[in-house]
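TrEMBL annotations:
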type	residues	note
REGION	1-21	region 'Disordered'
TRANSMEM	55-72	transmembrane segment
DOMAIN	115-293	domain 'SMP-LTD'
TRANSMEM	225-245	transmembrane segment
DOMAIN	292-412	domain 'C2'
DOMAIN	440-560	domain 'C2'
REGION	581-681	region 'Disordered'
COMPBIAS	619-630	compositional bias 'Low complexity'
COMPBIAS	652-662	compositional bias 'Low complexity'
COMPBIAS	667-678	compositional bias 'Basic residues'
DOMAIN	692-814	domain 'C2'
Amino acid sequence: NGSRRSGVPERGSSAPGRAAEQLSPSAVNRLLMELLVYFGRAVFVLYPVYLSGYLGFSVTGVLLCMVMVTWWKKNRQGKDTRIGTAIEFVDNESQVVHTELRSALQMASWVQFSEVEKVDWVNKVLGQAWPFFGMYMEKFLKENIQPTVRLSSPALKTFAFTKIHFGHIPPKIKGMKAYTHEVDQREVVLDLDISYLGDVDIDAVVKEPITAGIKGLKLTGMLRIILEPLIGVAPLVGGVTFFFIRRPTLDINWTGATNLLDSPAFSSLSEDAIMDIIASLMVLPNRMCVPLIDQVKVDQMRFPLPRGVVRVHLLEGRDLVAKDTYMMGLVKGKSDPYATLRVGNRHVKSKTIKENLYPKWNEVYEFVVHEAPGQELELELYDEDTDKDDFMGRFNLDFGEVKREKEMDTWFELEGVPHGEVRLKLQWFSLSTNPNLLAEVNQIGHAKNTSSDGLACAMLAVYLDSASNVPFTKRTTAPNSYVELSVASDVQKSKVVYSSKDPVWEEGFTFFVHSVKKQQLNVQIKEHEKKTLLGTLNLPLSRLLNVSNMALDQRFLLERSGANSQIKLKVTLRVLSVEKPPPKVIPQTPPLKEASQTNQGDQLAKPPPPVATSTPTLHASNANPAAHSSGTHSLSGSNGRYAATHRGSMLRTPSPRPASTSPKERRTQRRKRKRRKVWNSVSRAIRNHQGSFGEIHLTIRYTTLRNKLIIVVDSCRNLFPCSENGTDSYVRLYLLPDQSWRHRKKTHVKKRTVNPVFNEKFEFDVLLREVQTRRLDVSVKNNKMFYSRERKDIGMVQIDFADVDILKGVTQWY
């Protein structure tokens with residue numbers, strides 16, 4: 001707490017370090033101060049109770065006073081909320097209206113995002129075809145699902161569907177987005193935002209007289225449909241693939257004996273089990289495929305090679321929310337944060353940092369990316385507790401941005417909490433067939449990461465097709481078999497195929513490889529219930545380096561199995577290739593010529609018109625050479641534009657005061673002369689100043705997901721001192737040509753410093769195509785002084801977005 005109050009982030013340390021700190025005098029003093037503060041708060045809270053009893057107040061009177069105080073606080077809080085809402089509405093009218101409409105009306109995605117289209121005609125087609133879909137599903141459940149359920153357990157041998165009705169309410173597509181530029185020319189990619197609130201009525205007999213059933217369910221998710229390959233003959237599309245990019249949400253209303261599953265202790269378990277079944281079928285990397293022509297290979301449709309690999313460095317967090325409180329909230333503690341990261345059906349958890357709001361994890365994770373854009377990194381932060389972990393924020397990142405940037409090292413703001421940020425470093429690796437890159441990838445990966453353990457140099461993709469002549473015991477006519485695949489300590493299992501000596505799995509798996517020459521793929525076919533080994537295969541990965549395209553697609557003989565037992569696999573090895581980020585063009589600023597104009601009479605010289613340049617230029621008559629040589633731009637003085645004018649004509653001589661003025665008028669004139677004197681002294685100092693008026697550090701980027709231009713005002717340095725104590729400065733932003741007070745953005749005032757740190761973020765609601773025609777006007781101002789009504793400009797800079805790649809973002813000094 002001492003380090004937190006002093007403004008220094010508390011860093012993670014080892015246990016011996018903390019023990020040594022507790023024995024130090026500073027730690028003892030801190031603990032004593034915390035103890036005194038606690039007792040002070042306790043006395044402050046409990047003393048009125050003691051005093052009321054000592055003075056003999058009745059319980060009714062005390063309760064009445066408490067009710068009145070509570071009513072007053074609630075009324076005051078409501079009033080403050082209404083005033084704050086009104087002020088926020090005045091300042092950000094369009095944003096507030098948009099947010100309220102989204103929350104109140106629950107707008108579909110086609111309303112929120114312009115690239116998403118409303119498809120009412122598809123919903124009409126679904127409504128017309130829904131009864132026939134119900135007929136197909138009734139036949140499918142009875143002929144396929146019912147026999148599988150009976151074979152899964154001896155207790156379910158009499159399982160049977162007695163009623164199957166999919167209702168009259170079809171699924172609804174709230175919006176559809178089509179990808180054309182980000183995908184291959186021989187495919188069409190569609191994203192459908194599906195919402196299904198159906199009146200499903202399904203009953204089944206588990207075992208007489210036990211019944212089970214479902215009556216109504218709710219399913220929402222994002223379904224991606226891929227039409228590929230596009231061909232020149234009918235039906236123009238070789239096949240249809242569809243899957244959920246992320247796990248959909250499911251809510252089921254159970255009937256019969258399964259009503260017990262509606263209780264809080266069992267409902268999540270049952271729905272999670274069903275969601276696991278859905279995920280094993282049609283959540284990435286699993287897909288549902290429908291080939292339309294014979295020439296299309298099912299394995300390529302069902303399990304295509306991934307787009308790439310993303311290495312995620314979970315580095316640190318800052319300014320997280322404190323969730324731990326003690327003594328009924330009298331003592332506010334910190335948090336024990338940990339992070340969970342999910343990509344598709346893979347979920348990882350970081351270590352827990354004890355009692356720290358500025359944790360440092362420094363952990364590395366690797367994820368296989370199957371669809372970019374589309375697939376997202378879902379990060380959530382929690383405070384670890386003994387009973388229930390507290391939520392500390394979340395954010396999602398589309399891997400399409402990482403693929404475009406190749407490498408990102410950014411602070412991400414957490415959503416769902418008042419404040420908090422997490423720093424991530426993300427690297428994109430493409431998949432190459434060049435084995436010569438193995439040594440280079442290893443060297444680069446180990447050099448750039450904090451921990452060299454667990455970093456992959458290659459990725460192995462395995463498509464498990466089928467097996468033939470699997471042995472079985474005399475007691476069974478055919479085995480219930482599944483396959484266990486492993487590379488080193490990474491073990492993955494396939495689904496179970498019941499009662500078949502020639503099982504067909506058709507599943508895909510991916511593994512990270514750390515040493516191609518030493519590691520091997522181990523495949524074991526096992527019996528479901530007894531875990532009996534039915535066959536095994538060991539395939540050295542070095543064998544793939546010497547074959548064409550680093551891939552094997554064939555049948556392999558099984559060891560420790562039957563004489564003719566075989567397994568069909570497609571094994572593909574790909575090297576992780578580091579891609580360099582696209583070069584950022586930093587244009588050079590042309591030298592600025594000093595404007596020299598002569599002023600006539602005692603009128604102020606007008607500033608010269610701004611010069612249109614191809615870069616964010618500065619309008620200054622005296623630029624700082626050191627700043628230009630170091631690759632930064634100096635802040636131009638707003639009054640520096642008058643530097644070349646005639647000095648003597650800048651100041652007006654006050655006219656003599658008439659003798660007949662009243663005392664009130666004389667006091668007014670004295671105040672005006674005093675303000676003019678202060679203004680003249682500051683203006684004279686600014687005009688006589690030679691060199692830079694300071695620099696400002698800005699971060700500019702555009703987020704296409706939210707259609708917002710984000711400007712982060714980080715800090716300023718070496719500002720012109722407007723007084724002996726420094727400068728009371730703030731930053732004002734306009735997105736030209738909007739210059740009304742509603743479109744003005746400004747930071748808080750930082751007092752008595754020439755190196756203020758703001759760290760404030762501002763957002764402009766503007767489309768990407770409009771940003772290219774806009775300019776950002778940034779002014780650093782001195783706050784209103786005591787004797788003056790004006791706010792003095794220290795300097796300004798204008799940035800033309802036509803010359804800035806805002807999609808990649810830019811962070812630099814101006």
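Glycine residues also receive a Cβ, built from the backbone N, Cα and C atoms like all the rest.
Per-residue pLDDT, averaged along the domain 'SMP-LTD' (115-293), amounts to 80 for this model. Sequence-distant contacts of the transmembrane segment (225-245) (same chain, at least 6 residues past either end, Cβ-Cβ under 8 Å): 184-192, 278-279, 282-284, 286-293, 295-296, 301-302, 344, 371, 374-376.
Helix, strand and coil residue tallies for the domain 'C2' (440-560), in that order: 18 helix, 57 strand, 46 coil [DSSP]. Each residue of the domain 'C2' (292-412) gets a DSSP state, and the totals for helix, strand and coil are 12 helix, 59 strand, 50 coil.
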